[in-house]
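Taking it in order: structure first as structure tokens, then the write-up.
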Amino acid sequence: MSLSVEQEEQKYWEEVEAVKQWWKDSRWRYTKRPFTAEQIVAKRGNLKIEYPSNVQSKKLWKLVEEKFKTKTASFTYGCLDPTMVTQMVKYLDTVYVSGWQSSSTASSTDEPSPDLADYPMNTVPNKVNQLWMAQLFHDRKQREERLRNPKEKRASLANIDYLAPIIADADTGHGGLTAVMKLTKLFIERGAAGIHIEDQAPGTKKCGHMAGKVLVPISEHINRLVAIRAQADIMGTDLLAIARTDSEAATLITSTIDPRDHAFVVGSTNPNLEPLNDLMIAAERAGKNGAELQAIEDSWTAKAGLKRFEDAVIDQIKASSAANKQAAIDAFLREIKGKSNKEARAIARQILGTDIFWDWDAPRTREGYYRYQGGCQCAINRAVAFAPFADLIWMESKLPDYAQAKEFAEGVHAVWPQQKLAYNLSPSFNWKAAMPRDEQETYIRRLGELGYCWQFITLAGLHTTALISDQFAKAYAKQGMRAYGELVQEPEMENKVDVVTHQKWSGANYVDELLKMVTGGVSSTSAMGKGVTEDQFK
């Protein structure tokens, strides 16, 4: 039965007030929302739905708050499947779901791919759902077993927190802002406590450790973060939004529309060259292709004098007859901080007395992208802009470089001292070459002291599965069942890995108890009754 207009109005304003009170919670003390409670409530339906993932989001927020406060870290790795998640939660307090792993092993089309985010947008949410359902099941199974035993025996029984919060990879959002909102909705419905989204362009997205990354303007990525928060607010959840920036190694950007990006855009300083794209089009029309086109581009690039505007001005000052060149450079750098290119040009004109040639359109690629010079300071610039809209911030990096991680953390915290940071302990890094083992052992702790309160190995699930599969298959081919005993079953028993009794692990006892409950206490078809082979392991 429909509400009357008066009832509808009263319910609306009650919800608006409830949302305003919710936003006053300390959880949101650093969060900026460019929309109102009235707008959020108007986008909700009449039926209030309580999402279980909200419990997980609250749990995750409490965890990272405590870790940041104590300068420690929660650390985890990318989980492949339900078996893995049940082993991870014994020792780790969060679970990560990687887009890379999902792309290679779990696309909803079953078509493997490298990490280009070209799989259907429900791929990673589906993996989250698989792990979340497993967490819920094993939690039920464990609770039933414990409550089936008297209190005095429970201390000796497993009491694992299976419900470790899941943080998942949202790539670039798989499209425009409505796609970001739909993806966020999927993640909340499927059990994610938090998601991360990166500032790459969706059609050209690459793994964080591949070349050819194209960024979107700062404002566009902020819109994505706002879209995530708006969708979570509509659904009434505390979902954590993690902003990832790939700007440390980026070389291209889609647009120069945001002045905050201007300082890192690269232009040509050679007025005698025609624009690169015009040259390439003419060469193609002349029948050139492949290596010939590449040679033309390489030659143009070598002659173009590509550099950022501030570097071009500094070079001009150094070449000028100014009495105190360093003072002029210092004044220029001080005055252009935070300014657009138009404003920076005016400042340069005042110092040099003339305009300099610098053209950011001339080097544009055939796709229309602008050249861009990334780096740690570039990433700091973006992180500072993202901070009011993100719960954590992550800079993707090429190496496990502590000095760089420190530079980034200090740069962000100089503006936003309470900003929580995340760090990818990537398997793309050669850890043996990067640092000695004693430093490897302390790396997570040292990063935690800098504010990196959540850290993760994206693909450890993939690599550990590949390693044991290779070791076992090789030994099995040579030794037969001896390999299974020595490499798998005996170590399982020695380490008390619960999967050694896989029927019990899978919930056979739990299901037997369900059957007994509905059949009055007796079942002649109990899975774990007389004859079950797991009696051999008692």
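Glycine is no exception: its Cβ is also placed from the backbone N, Cα and C atoms.
Residues or ranges marked as substrate binding site by Swiss-Prot: S98, G99, W100, G208, H209, R244, N424, L425, S426, P427, S428, T458. In the three-state DSSP scheme, S426 (substrate binding site) is classed as coil.
Annotation comment: Swiss-Prot describes D169 as Mg(2+) binding site. Under the DSSP three-state reduction, D169 (Mg(2+) binding site) is assigned to strand. A sphere of 10 angstroms centred on the C-beta of D169 (Mg(2+) binding site) encloses 28 other C-beta atoms.
What Swiss-Prot records for C207 is active site, proton acceptor.
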| query | Do you know offhand how many angstrom separate N424 (substrate binding site) and D169 (Mg(2+) binding site) by C-alpha? | reply | 12
| task | Please name the residue among the binding-site residues S98, N424, S426, S428 whose C-beta has the most neighbouring C-beta atoms within 10 angstroms. | result | S98
| task | Within 10 Å of the Cβ of W100 (substrate binding site), how many other Cβ atoms can you find? Include all protein chains, please. | result | 24
| At the Cα level, what's the spacing in Å between S428 (substrate binding site) and D169 (Mg(2+) binding site), rounded? | 17
